[in-house]
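Enquirer: Dumping the structure here so I can ask a few things about it.
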Amino acid sequence: MANQRPIYGFHAVNARLWQNPKSIVELYIQEGKSDARTREVLEKAANENIRVYFADADRLNAISKGARHQGVVGFIDASKNHVHLEDVLENLSEPPLLLILDGITDPHNLGACLRTADAMGVHAVIAPKDKSAGLNATVSKVASGAAETVPYITVTNLARTLRELKEYGIWIIGTDMGGNADLYHCDLPDSAAWVMGNEGDGMRRLTREHCDMLVSIPMFGTVESMNVSVSAGMVLSETRRQRVLKNEKA
């Protein structure tokens, strides 16, 4: 089936079992495994009427292409994973916090960004279809379950999407070494969409032009840049910190 993709490891499989079990086509469990985590997966799969097959380690290694699978591999129907941005925005109980990835094509970076986004309570991660890694087994593994919990939305025209976000009252904040404000000295808006470019080229020109603010992250050492997931974690954490302070003063 063209829309199927594998996921592997307990974090990814368990997250999918609890968040979107109907998207799971089948599971493969390593023969002889009977630990508590495996029993939990088997019990949940049985409750959801998901097909389970038992296979030897060589078979699972072949399916996961040598990646660490922990004895559990699943196949999901990716067509049942589609989320509309409008639905996300219209069903929030707090001001939106979004992460936009412009040109992040490495699956390890995408997975790390999704994990960071989940930790910081990001409501959706957005990326252009033509300049993104796309969800795959590597992304799911690195994300440690976050690829199954954080909506990942790819769009055909990122510039148009940025304009649409502004119509919802969301500020578009770009990260840039030459930004006109630094992260620790700017009053961040309640509704925010942070844009991260890739480590080599940064944001594309048109993306930059749609930003309401350009913010730099202060650097105190000798390196000139950080991994995109680290940068994302810093700006998202600062956004959450400022929200907490505002709520305490309200």
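Including glycine, each Cβ sits where the backbone N, Cα and C put it.
Note that the structure is predicted; figures quoted are calculated from it, not measured.
OK, Swiss-Prot features for this one:
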- Gly197, Ile217, Met226: S-adenosyl-L-methionine binding site (BINDING)
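Help me picture these features in the structure, burial and contacts included.
Expert: In sequence order, Ile217, Met219, Met234 are the residues near Met226 (S-adenosyl-L-methionine binding site), counting only same-chain partners six or more apart with C-beta under 8 A.
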Enquirer: Given the binding-site residues Gly197, Ile217, which one's Cβ is surrounded by the fewest other Cβ atoms within 10 Å?
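Expert: Comparing Cβ neighbours within 10 Å for the binding-site residues Gly197, Ile217, Ile217 has the fewest.
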Enquirer: In DSSP terms, helix, strand or coil for Gly197 (S-adenosyl-L-methionine binding site)?
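Expert: Its secondary structure by DSSP: strand.
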Enquirer: Enumerate the residues of the same chain, Gly197, Ile217, Met226 excluded, that satisfy the criterion Cβ within 8 A of the mean position of the Cβ atoms of the recorded S-adenosyl-L-methionine site; list them in sequence order.
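Expert: Sorted by sequence, the hits are Thr175, Met177, Met196, Glu199, Ser225, Val228, Val230, Ser231.
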